[in-house]
Structures are given as C-alpha cells and as structure tokens.
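Visitor: Below, the features straight out of TrEMBL:
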- 12-31: transmembrane segment (TRANSMEM)
- 32-55: region 'Disordered' (REGION)
- 33-42: compositional bias 'Polar residues' (COMPBIAS)
- 46-55: compositional bias 'Acidic residues' (COMPBIAS)
- 96-120: transmembrane segment (TRANSMEM)
- 202-229: transmembrane segment (TRANSMEM)
- 249-268: transmembrane segment (TRANSMEM)
- 284-307: transmembrane segment (TRANSMEM)
- 313-331: transmembrane segment (TRANSMEM)
- 348-370: compositional bias 'Basic and acidic residues' (COMPBIAS)
- 348-380: region 'Disordered' (REGION)
- 371-380: compositional bias 'Basic residues' (COMPBIAS)
Amino acid sequence: MASTDWDLISSYAGLLCLASISIYAGAHGSLPKQKSNGTDKSVVQGDEDDEDDEGVADRLSSGDAWLFPVVSRLSSAFGMYAIMKFFGKEWINWFLAWYFSIAGVGSVWKSAASLMRFAVREERWKKFDRNRVLILKGPRELLSVSLRTPTIALFPLALIPSVLFNTSETNRKSALITDILALSFSHNALSLLKIDSFKTGCILLSGLFFYDIYWVFGTDVMLTVATSLDVPIKLLWPKSLSFASERGYTLLGLGDIVIPGTFVALALRYDHARAGGKGTFRKPYFYATLAAYFTGLVTTMTVMHVFGKAQPALLYLSPACMLSLFGVGIVRGELGDAWKWIDDGEVKKSVGDESGKGDENVEQVDGERKNKSKSKKRVQ
C-alpha cells in the first residue's frame, strides 16, 4: 500500500485556503459602499475619500457573456502561446514582468488599504486624518486626491513586492512574492469586475465550462502557458510541509478564482439586496456558492491527484456554483426572484422576502402616522 504523500496534500490544502480566502475577501469588496445619509451632521457634504468613490461600474451583461469565453481565450491564452512559439518565452516573460510589477504597486496598495480598513473598522477609519492633494493651473483644478493617513503610509510597503519580483535574478520568482501580487490582482478583479444577473453568470460559467475542456484536453495551450510564464497570474504552493521548493509547486490560475468568484460575489450582493442594504445580513446564497466552489476545487484536485493529469478546474467549479444557486433557490422558494433580479448597483427596498417585510412595516407605520394626523385635525 502506497504511503500518503502529506507534502502534496499540504500543497493542495494551501491552494484551497488561498483561493477561498481570496474569493471571500473579494466578494465583500464588491459590496456597495455605505453612503452617509443627510441626517449625519458630522459628515460634511463632499467630504469623502477618493478611495470611497466607486464610480459607475460596468456590469457584464448576458450579451457580453456569450462572447467572453471566445475573446478571453483567443486574446490571452492563445495569444501568449503564439508569442512563445514564435519569439520564445524570455521576451514575453520580460515584458509581462515589467507590466505586472508596475500594475502590482497600485493593486497591492489598494488591497492593503482595504485590509487595514477592515481591521480597524469603519468608525475608527473615519477618525484618521484626511489628506488632500490639489493641483491647480490658474483657477482650474487639474487633479484632486483625498486619502487617509494610513493609506499614504502603506504606499512604500506596496512597492516592496513589485521591486523584489522584478529584481529577482533567480530562474523561478519567489512563490511568496508571486502569491502576494496574484492575490492582490484577484481581490481587485473581484471588487471591480461584476456581472449583472445570475442568468449572465450561468451563461459565462457554461461557456467557459466547454472552452476549458477543449483547451486543456484538446490542446497543450493552457498547460504550456501556465507552466512557462513566470508572472503573477497564478497561485503557487510548494509541494513540501517545510515550504522547500525542490519538488516544485502546485499551481492554480487566477482565472479559476476570478471567473467563479464573480458568481460568488454576485450571490453575496443578492443577499445584501434582499436585506435592503443593511450592514449585517444573512448570507444563504453566498455561503452556499462559496461552499460549492470549495467542494468543486477539492474535486478538481482529487481527480488530478488520482489520474496524475492536469484538470480544467472550471469543469468542476462551473456546475458546482450553478447547482448551489438552483438548490438554495428551490429550497427557499425564491429561484424565480433570484433569476429575475438585476444587479444595477442600487439597493432597492423591495428585493426578496426580507426587504418586503420591511416595506410592509414601513407602510403600516406611515398609515398610523396619517391616521394620527387626521384625528388631530378633527380634534382641532
């Protein structure tokens, strides 16, 4: 009987934790920021941080989802594969190392600021000094940036991963530095890349389900790109309990985190909308889809370990995430409402059962107030 390879199992467990934590954090980062209401006298109108400004985020619609698998695979994986075949991997690794090093500064900075903000809580965060940089050309304002003191202090630290990654002289970049950059890219992608409905999410996951099968089993494109490019577009974990690198690494591409992660994040925003945008709310759809992602990734790694061959993760992740949505929706009797719901960035008061109850209470209170006012007029 073969002995258990605990080094390899620990590597799988490490990737599972990194991927799940990344999706959990990124999904919460995709929630709409709490806006100050007009009754809060402590908040001056317009006195908000630029890091709070979400802008108008474009949502991926169902029409976009049909084209996404084709465009993403041809422009990214196949494009890089063709460049490596004709020019060699050294040139594209050099170019992408610079590109991701520069982009990584902003990505790590934003993720670090979000992490600190979560750690100190919102009330304490708002007590830090707000610093504004204003650039004028005559009377015209060219640039205005407002940041809290901790955000500014984190900028030098955000430079370190990119500098170490780009100045490393080893053939293989540090797995730790690669993971720091990759996790920050994943976190920001999940915070910014949003789909507008579960219908769009199912179209996207279904399309990539079939495309991943072809690109992994039908060609060597995905495997060649993933193993040849030494850039932070994947998570790495050493195949060793002592984190030694002699046996190599297990890896998971960011696409296998971000794509299903957008579906999990949408489930969290649906839970948030059902609760009427409250700060604390129940998350049945979010926990179900996150657990389904975890289960799908465990299945992927198990099959890969048993058969000793790379597996298309979305082959297992896509059905798992979609079935979790349908399962929870059917059990709760809300599948129709969930399927029709559109995430337009606005929290409405009449989404789902929970907020509907709130609306009934509001109507009852308003009715009581009107009756009282009428009775007062009659007395007068």
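In case you wondered, yes, glycine gets a Cβ from its N, Cα and C as well.
Heads up, TrEMBL stuff is auto-annotated, nobody curated it.
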Visitor: Checking distant contacts: for the transmembrane segment (249-268), what same-chain residues at least six beyond its ends satisfy Cβ-Cβ under 8 A?
Guide: 8, 11-12, 15, 18-19, 22-23, 26-28, 30-31, 60, 72, 175, 182, 185-186, 189-190, 193-195, 197-198, 201, 204-205, 208, 226-227, 233-239, 283, 285-286, 288-290, 293, 296-297, 313-314, 317-318, 321-322, 325, 343
Visitor: What stretch of 202-229, 284-307, 313-331 shows the most Cβ pairs under 8 Å to the transmembrane segment (12-31)?
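Guide: Looking at each of 202-229, 284-307, 313-331 in turn, the most contacts to the transmembrane segment (12-31) are made by 284-307.
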